């Protein structure tokens with residue numbers, strides 16, 4: 001079929017398998033260009049490995065460190081009538097390129113919150129790798145089905161205490177609007193912590209540890225975002241922030257546990273990037289369009305891949321073997337360049353000046369839209385979008 005982008009709200013409902021493959025190819029090339037990562041882990045599990053930072057982690061481990069990788073994700077395969085999800089095609093492409101280089105790559109597709117996912121992963125590790133040296137936890141799901149009760153809990157992207165009103169961009173109409181978001185109820189806050197907090201990360205590490213599949217010195221990392229006062233009301237000071245604080249709580253408990261065998265657990269605070277998740281958060285697209293332009297001008301812009309490469313090579317697995325620098329909460333900070341005072345001051349000054357008319361001149365909004373479409377495999381250089389493509393792509397993946 002010939003596949004064109006179709007946008008509905010924050011989601012592109014179509015995906016392009018060849019475009020997704022080309023994206024992955026580019027990320028691999030970027031990783032290889034940096035040269036091998038010294039002291040890199042050789043057996044890596046990535047929970048949430050099909051897009052964004054999770055995919056970048058798997059690519060970095062495999063193509064930067066030569067690691068055997070297991071990826072866990074929840075994606076849909078394509079059929080002859082309908083394309084699959086971008087994450088399916090990303091994972092298929094990763095698997096193809098890893099195997100071409102003789103790297104071990106296996107994937108599990110299903111609900112990572114489930115007990116079955118953890119058990120199947122443990123069985124696979126025991127069977128193929130024995131133990132693992134690193135666990136990356138990169139789940140970004142709006143819902144969690146509780147494994148014991150089957151109850152489905154939903155998270156909320158809402159402020160706490162009062163209605164939040166701010167200048168935002170309507171990405172469908174390319175227009176500056178005033179967006180208002182009602183505050184979360186106590187139950188919504190609690191539910192957001194249940195879905196997006198640190199409990200499932202703990203369940204994963206505890207299950208892997210009890211099964212004896214974590215090697216001595218195993219490191220685990222989970223991803224977070226703090227941002228700045230421009231986004232705090234909806235993010236860090238909102239329901240989502242409460243969940244991210246719970247991630248810090250979990251990191252402390254897990255670090256204590258893993259330290260007995262020479263391991264570590266850290267939250268890595270990353271920079272804002274264009275992802276399906278961030279596009280759904282009011283004000284984030286406008287903020288990202290502003291901050292990207294300034295960071296590009298300053299020569300410090302990074303995408304997902306550059307961020308994770310820096311985390312591996314300059315934080316967790318440094319060439320001299322020294323311990324990673326952390327903040328007062330034991331977090332790895334990769335948002336340091338974004339939070340530079342000159343960059344943030346630029347955004348603060350610019351925010352009130354942006355209108356629908358000057359949006360494309362004052363910010364990198366055009367690039368934001370291009371990057372958003374690229375998430376789904378569209379607008380990628382070197383891809384013929386008028387060509388007939390097969391949406392059915394198979395690879396080495398087992399259902400959970």
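The backbone N, Cα and C atoms fix where each Cβ goes, glycine too.
Copied from Swiss-Prot, the annotated features are:
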ACT_SITE  235  active site, proton donor
BINDING   48-53, 74-75, 111-112, 139-140, 244, 273-275  NAD(+) binding site
BINDING   225  substrate binding site
SITE      75  site 'Plays an important role in discriminating NADH against NADPH'
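Distances between the Cα of residue 75 (site 'Plays an important role in discriminating NADH against NADPH') and those of the binding-site residues 48, 52, 225, 274 are shortest for 48. Proximity note: of the listed binding-site residues (48, 50, 111, 139, 274), none has a CA within 10 Å of the CA of the residue listed as 'active site, proton donor'. Sequence-distant neighbours of residue 111 (NAD(+) binding site) (same chain, 6+ apart, CB under 8 A from its CB) are 74, 117, 145, 400.
Recorded residues residue 52 (NAD(+) binding site) and residue 225 (substrate binding site) have their alpha carbons 13 Å apart, per Cα-Cα distance. Counting only residues at least six positions away in the same chain, the Cβ atoms of 288, 368, 371, 372, 375 sit under 8 Å from the Cβ of residue 274 (NAD(+) binding site).
Every protein chain considered, the tally of other Cβ atoms within 10 Å of the Cβ of residue 244 (NAD(+) binding site) stands at 23.
Close to residue 139 (NAD(+) binding site) in the fold, though at least 6 residues off in sequence, lie 47, 48, 54, 112, 113, 200, each with a CB less than 8 Å from its CB.
The recorded positions in question are 74, 225, 235, and the one with the fewest Cβ neighbours inside 10 Å is 74. A separation of roughly 8 Å, to the nearest angstrom, links the Cα atoms of residue 225 (substrate binding site) and residue 244 (NAD(+) binding site). Long-range Cβ proximity for residue 50 (NAD(+) binding site), meaning a same-chain Cβ under 8 A and a gap of 6 or more residues, is found for 71, 73, 75, 85, 86, 87, 88, 90, 91.
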